[in-house]
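Engineer: I am attaching a structure below and will ask some questions about it afterwards.
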């Protein structure tokens, strides 16, 4: 490369670009060029290197101008020419290192001393050299082999390498010929570093033909295969591998090359001579028989050699078969081969066959087999060598007929609609045959009618009478084998009954194609009688069932048997009919199996068409009707009807018979009930206003799907009266009250519960005495039939529950102790009434006090003093007091507790003297919220004596109002005013101190008003405490 300046060129030194990667022990060359110097002056070159460990230290190697230029490290190798410089031209050299060492790795510099008068440009260039170990190995088993010409040779070679660099390998096989050991090895085939196969010059043709192969069988294995060994392949075979690397300039460099051990191969030449022999079973034949001639080639390695075989008859070519096994026929035999009367083929590599079918008398003569071998020389030329066999004399005598005919049938008696099959076997034939089928009546008295005929070419011609029937495929003639003919009459009719005759005629052929001459040489016949039975005479229908009586929800099958067996040409249409047990009494079609095998449902559908299935056997003799989950609608009479059809040869149909089976009565019954209700009797007692509970338990039921309707009845004590319906729970859950519940106003108090699926309860709230009686339940069991309708299966009643509702036991008791009271006049008389016990915690009492005055000893003379009713109203007891109530009344009533009553008579008078007692009535509220009297009781008598008053100071004071107020009233206000004044003065004196009393104190004085504890709406009698001027 020249760099042009304004005045002169610049010197430019270039070296082979790196990095250069070479193997240890290999021979390396590095080129160096210089340009841009003054022309005509030879340039010198100096080579140095720098180790990677000391990049600044120059180690001189060799120079073109100085002999002692090398340092001691390289001096010995330079003097021994292991390292030297090869001058290519005056400005180009090569540095040679013939045996590269690992220490040679480093940076190499090429320097050119200046030969010009000035310095301009570059005078040195550098390149990198990397030395790697040689890991290439080539191994092959050393052996000695003996082969025969035409054999196959296979040799394997293992090539491995362990380098870390990206390298390629080329592998080649070489042969050192045994006949010329001094000549160089022959290149057989090489797999290049680019994975391209390159054959040697002498083996290019054998590689293209496939006789030479090099296969890489694994990552390291290479296999050489030579087919059809030749004597020239004898010698030593070895494998050579080279490891290549691509330099920076994109050029490839072979770093190392190694050879494997050698294999010695000897190839024994084969004998190229051959012989021919023609064989046949015999040499005398009869016209019409087949002839087979075989030409056998006796030679070595026949499959690997190329032979062509020619057949010659009396100097006329018959056929030629080349190496490709494709025959070429002579002109006189093309027609016979096209008609299948001549066969020429290669049975094996060494055996060729000539076969003539149906020999003719003209085929008598001499037959010869001529064999020609074509051999290819090493130069590519072909050499032909031919041989011929001995003459084979063949004699063909004219035919003489000796045929026999036998006729057989599939059966001598068939049913209408079946197939008549007649087989005619012709034996001892030597020539082509023609066959004629004829029919006559059973006696053979009528004229013979041609059914069909088969000529010698195999063409079938139907007879005139059977031509139309044959056009529909009802008559067929087959040639099963060369000597066997079969006649088929499909869909046989009764009119097909009669005698069938098979007549066979044997023919002889003479002449040459296409002008053949046919001659009849014999005929023979045989007959057979065939009986066709009418299906109508055997046609019948019957119906049966194993379960004439079933239960709701069960299944049943009905079978309709139709005989004889089904024939597609005489099929039957079968219909199941049904007459319901409840209805108009007419049979209606359920389902029909049509003659073509389809199903057709009728208007009458059982079980909505979802529970009815039908099927039939493959032979169409059993038609089954299956009903699942039978119900009322499936009960009735079933019948099977069948129509027999005949298919005509023109595919039209005719009905030939109609049959009806026996009727089948099917009863569908309700299941047997298993309903049971617990029947134990019991007696229950309840208090009035309590809750009455009666249970109804179902111990067993017919089905887990059973539903129950429960009716509750009440039976009163009156004899002869019907039981009254309280309420009814329908199986659907609907609730309905009975008339008795309405009349007795039980609707608001009666309640029915379903405690569990089998336990029902009846509850009477707030029981009354009128509810006493006998109760029981009536259970109805309901089931759903397969049609989705509910029906009552059974009913059962429970045991009787005797219920007694009574009022509370009378426990009323009033204290009956007698007492005496003596009081002064104007004193107070206190009368007590103590109720010791009561019948119910909800009892209310009406209390009255009576008195017997002196002299009043009779009950009707007693006097009512005071009364209070159970409703806490004064005067509303069982008597009317003589003294009217009011503010001036002397009577004071008091109820300190719920069971302690007292009556105080103030300002007693002498006339109040008498015998007093209290009369108590116990009242209860019944469930209808009406009060009734449960019991009465009287207390003991209290004898009261009132003493008359005499005048005393007390009486004087109390009798004067002014004096009374002065003594008992005026002092209190005065004392109160004084007390208030004292408190005010004290309050003012302590106002400066802490106001503790204002915060924590309480009023010092208070007065409660007298009060009356009375609530007119309360059910309890009021607690009265009336005292004039009392403070509570």
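Each residue, glycine too, has its Cβ placed from N, Cα and C.
Automatic prediction, not curation, is the source of TrEMBL annotations.
The annotation domain 'Ig-like' is assigned in TrEMBL to 11-130, 133-256, 269-379, 398-531, 553-642, 671-780, 808-921. Residues annotated as transmembrane segment in TrEMBL: 963-985.
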Engineer: Where does the mean pLDDT land for the domain 'Ig-like' (269-379)?
Structural biologist: 86
Engineer: Can you tell me how the residues of the domain 'Ig-like' (808-921) break down into helix, strand and coil by DSSP?
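Structural biologist: Residue counts for the domain 'Ig-like' (808-921) by secondary structure: 6 helix, 55 strand, 53 coil.
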Engineer: Using DSSP, how many residues of the domain 'Ig-like' (671-780) fall into helix, strand and coil, respectively?
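Structural biologist: In the domain 'Ig-like' (671-780), the DSSP-based counts are 8 helix, 56 strand, 46 coil.
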Engineer: DSSP says what for the domain 'Ig-like' (11-130): how many helix, strand, coil residues?
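Structural biologist: Going by DSSP assignments, the domain 'Ig-like' (11-130) contains 11 helix, 60 strand, 49 coil.
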Engineer: Out of 133-256, 398-531, 671-780, 808-921, what stretch is closest in contact terms to the domain 'Ig-like' (553-642), meaning most Cβ pairs under 8 angstroms?
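Structural biologist: Against the domain 'Ig-like' (553-642), the leading stretch is 398-531.
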Engineer: Per DSSP, what is the residue count of the domain 'Ig-like' (133-256) in each of helix, strand and coil?
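Structural biologist: Going through the domain 'Ig-like' (133-256) residue by residue, I get 11 helix, 63 strand, 50 coil.
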Engineer: DSSP-wise, what's the residue breakdown of the domain 'Ig-like' (398-531) into helix, strand and coil?
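Structural biologist: Final tally across the stretch: 8 helix, 79 strand, 47 coil.
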